Structures are given as C-alpha cells and as structure tokens.
Amino acid sequence: MHDFAFWRSTLARAPRHLRPWLSERGSLTRRLISHFPDFSLRVLRQGLYPAHQDEGRFFSSPAQSLATREVLLCSADQALVFAHSITSPDSLRRGFHLLGRTGSKPLGALLFADPTIRRSRLAFCQIDRRHPLWQKAVAAAGPQAAILWARRSFFYSGQDQLLVTEVFLAPFNRKPTP
C-alpha cells in the first residue's frame, strides 16, 4: 500500500456536507451525473509531463515524464471537480492502454467498467495555494477557496498503476443552505 505523506485516510476534519462526496468508492463521475443532469467534461491537457513532487516517488523513475490527463468535471458552465491522473508511459501500452484514447469520455467510465481493475483505499488532503494542483484548479476554473479538499487513490491493472487525484471546487466548499 502506498504512503501518501500528508494525505490522510480519515475524513475527521472534512466538512460534514462534503464527506459523502469525498468518501464515494464508486464512480465519482456517475454520482455527479446523477446530481447534475447538465454534466460535462472538459479536457484541459493530456500528454507527457513531469510529475509533481508528491507524486513522482510512486513511479519507478520519479524524474521521468508521466502520462498525464487533466480535466474539469462541470455542471453547465460551473466547474465542480478538477481531476488529475498520471501513470507511466509504459502503462499506456499495457494495463491502461485505453487511457490514451479516452478523448472527452470520463476516465471513470473505463475504470469502473473493467472488473479486473482494482482500487486502493482513498486518501484525503486539504490543499492550498502552495500545492500545484490548487494552482492548476484555479488556473482552469477561476477563483477558489483558499483551501480545497482533494482525494486520491491508485487503480491497478496487473503490475501497472494509475494515480487519480480529484480536487473539489467552489460548489462543494460552500455550506449547503438549510
């Protein structure tokens, strides 16, 4: 099992209204679609890019460029979740070969449709402006709260691994109205 450093396996600090979303073990995309009928996905970038400092150590060569996909999960024109997925280039030719051809399809549709793919436990973190994923989320979705909640987990296909991190944006960081 991977050690996520400052990532935690419990949600004790998470706002009560956000916990069901953070702890969702099934497809987050499927859940978003059920709550937001005007769901859409916008691909921000897909290609080979250097890993972030807290990610590279999980792959055989931390300095190598990793296959990266970043998307916004939206409802109408409002960004809900910034998603960042990485794997080794070799994994694109083996266990996660379909990832290179997802286009504008949600990644979860592929991952949860394949019964041979296993998922690790979820880990949670509050990220702020110092974290590269907070910076990317703000660049893609506009102004956000000073602290955003994120979750990450690994998906495994044989010996290959894919790290998926999801950052919950402004709509999830407001307390629901009674």
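Numbering starts at 1 and runs along the chain as it is shown here.
Every residue gets a Cβ built from N, Cα and C, even glycine.
These numbers come from a predicted model, not from an experiment.
What TrEMBL says about this one:
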- Arg69, Leu107, Glu166: substrate binding site (BINDING)
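Features per TrEMBL, on structure.
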| residue | record | Cβ neighbours (10 Å) |
| --- | --- | --- |
| Arg69 | substrate binding site | 21 |
| Leu107 | substrate binding site | 22 |
| Glu166 | substrate binding site | 26 |
Determine the C-alpha span of the substrate site listed in the record, that is the greatest distance between any two of Arg69, Leu107, Glu166, in Å to the nearest whole number. 12
Counting only residues outside Arg69, Leu107, Glu166 in the same chain, those with C-beta within 8 angstroms of the substrate site's C-beta centroid are Glu70, Val71, Ala83, His84, Ser85, Pro106, Gly108, Val164
Looking only at DSSP and grouping its letters into three states, which state does Arg69 (substrate binding site) belong to? strand
Indicate whether Leu107 (substrate binding site) is helix, strand or coil by DSSP. helix
